[in-house]
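Read the structure below first, then the notes.
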Amino acid sequence: MADVSLQTTPRVRSGRRNLRLWLPLAWITTLGLAALFAPLIAPHDPLYQDLFLERLPPFFMSGTEPGYWLGTDSLGRDVLSRVIYGTRIALCVSLIAATATCLVGSTLGLLAGYFGGWWDRVISRLIEIWMAFPPVLFAVLLVAVMGTGLTSVIVAIALIDWTRFARVIRAETMVQAQMDYVDSAQIGGARRLTTLVSEILPNVLPSIVALLMLEMGIAVIVEAILSFVNLSLSSDVATWGSMIAEGRNAIHFAWWVLLFPLIALFLTVLSFSQLGEGLKQRFDPVLQ
Amino acid sequence: MAAPLICPQTAPAPALFSVRGLRLSFPDTAHKPLFAPAPRIEVLKGLDLDLPRGQITGIVGESGSGKSTLGRVLVRLLRPDAGQVLLNGQDIATLDEAALRPLRRNLQMIFQDPMSSLNPRHKIWRIVAAPLARYANDTSTRNASAARRDQALRALERVGLDPSFGERYPHELSGGQRQRVGIARAIALEPEFILADEIVSGLDVSSQAQVLSLLKSLAQEMNLTIAFISHDLSVIRHLCDNVIVLNRGEILENGPVEQVFAAPQSDITRLLLDAIPLPELDDKWFD
Ligand SMILES: Nc1ncnc2c1ncn2[C@@H]1O[C@H](COP(=O)(O)OP(=O)(O)OP(=O)(O)O)[C@@H](O)[C@H]1O
Ligand SMILES: [Mg+2]
């Protein structure tokens, strides 16, 4: 009897949950493919300027030129091609920066939450000190010191945001460390590090994954912000942030230059955060 | 009535555990002064007791009397402040974790709340097999892990669970089945000693009876020494050979169950016996 109810109740709710998982996954996969095959997909060179074709509107308006689906910017560069090439930077930064942030923050959170004592005191103090810095100022300072470029953007994101992981994962680890299965592992002869990795980590993992996805979204935004203030990459690389920055100047007569990268940015951030929640529920054997 | 009671002091049965002068205190964080260490609350105030080998010893007492704390010292989840805990003559009171590890396979524990003591993210077979794998010498080969799985499934069978339960997660089991998994994990290593801390208090009456009769029969089969912590004097009376009554960290009574129940030494025990209703338990439960 218990089996029947266990297997039927989740199905009722699974429809909406699956949508929450599959829609973001579809969008991110699309972006991934676009990034990988950008030279094949993009109709034009994202950097090629054609001053005769400047500020062409997108395809659904009048006065368009065939082949320029989303129009062109003030320098006559193809918006669609630039959005497609922009996914490369966006995904690259979000993947590397978020993973690095996650590894650093989660590890410190797990250690502080499980071992307590000096570990916790040192790591918690570090988190507090770190969070006293205003993050944007911190990022700008870092990039100013390290010089602009992809590496400094990634390092800046990891250095700023590891505290988010550390705080959340520390709290969750502390809750899990109180559970009897931790004592039970000790009774069963497990070493402390083994207990942390094979007993506690699987229970904290859904939160780590959810935070990782959120962080990927945040990384996309941070990269865009740094591009926006010209601190990310040199202007000869197409990024969503630099497109938004340039589009802002032309918003009254060529709003599409601003709008399309903004939509791409918005959908990506939204997808990552939804995917995080969806995966968290998907991974939970109790909710499944 | 006139049958002579066997006195534990004169009986030759050697004790598995001998505890002498056991003291333990916790820091009282609620009353911690700002710049000084917290004062300590003494929870165990110099206990002397023996747990005879192959017998079930009940530990009763009101809430907060230190039953769980005593039990956790025996399995060395806690380290006492002072005193000896002799296991087969070896003092384990101050051993560090590395020195304890080889001894732990002999000191198992069944927890009160199986939902909390079974890792929700591990399958049942893995929960039971994990301690087996840690104490095996041949962990490297793939055959060994398959053998471990079989061993775990056999332990499940031994507690009356079909091997198919091995593929389930803890939340897919009933309360009674979960507690059987807890028992299976404890007996899988074939230990000498098992601490059972209120293992039936979360179960309904019929599951309680089944789990208790299972424990009793396993204890006989495997010649287990068990420390059985409970609030329920009627359960203690039917299950245990000996009983220890704790009150505020001190031992009030210590002796064979019939003796303590027939002639309690202290007023508090008498009150305990009076206050707790003793429904007539069906002895068939335990057969
Ligand atoms: N980790 C701890 N830190 C501080 N005090 C503790 C800790 N564990 C237990 N105590 C205190 O020690 C005393 C004895 O606790 P213990 O859990 O041994 O009681 P118990 O007899 O098992 O009670 P119950 O029947 O409610 O389980 C209680 O007053 C409790 O508050
Ligand atoms: Mg207790």
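Cβ coordinates are placed from backbone N, Cα and C, and glycine is handled just like the others.
Feature list (source: TrEMBL):
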type: DOMAIN; residues: A:87-276; note: domain 'ABC transmembrane type-1'
type: TRANSMEM; residues: A:21-42; note: transmembrane segment
type: TRANSMEM; residues: A:89-116; note: transmembrane segment
type: TRANSMEM; residues: A:136-160; note: transmembrane segment
type: TRANSMEM; residues: A:208-233; note: transmembrane segment
type: TRANSMEM; residues: A:253-272; note: transmembrane segment
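Only pairs six or more apart in sequence are counted, and the transmembrane segment (A:208-233) with the transmembrane segment (A:89-116) gives three or more Cβ pairs under 8 Å, enough to call it a contact. Scored on C-beta pairs under 8 angstroms, the neighbour of the transmembrane segment (A:253-272) with the top count among A:21-42, A:89-116, A:136-160 is A:21-42. Only residues 6 or more beyond the boundaries of the transmembrane segment (A:21-42), in the same chain, are considered here, and those with a CB under 8 A from a CB of the stretch are 78, 80-81, 84-85, 87-88, 90-92, 264, 267-268, 270-272, 274-275, 278-279, 282.
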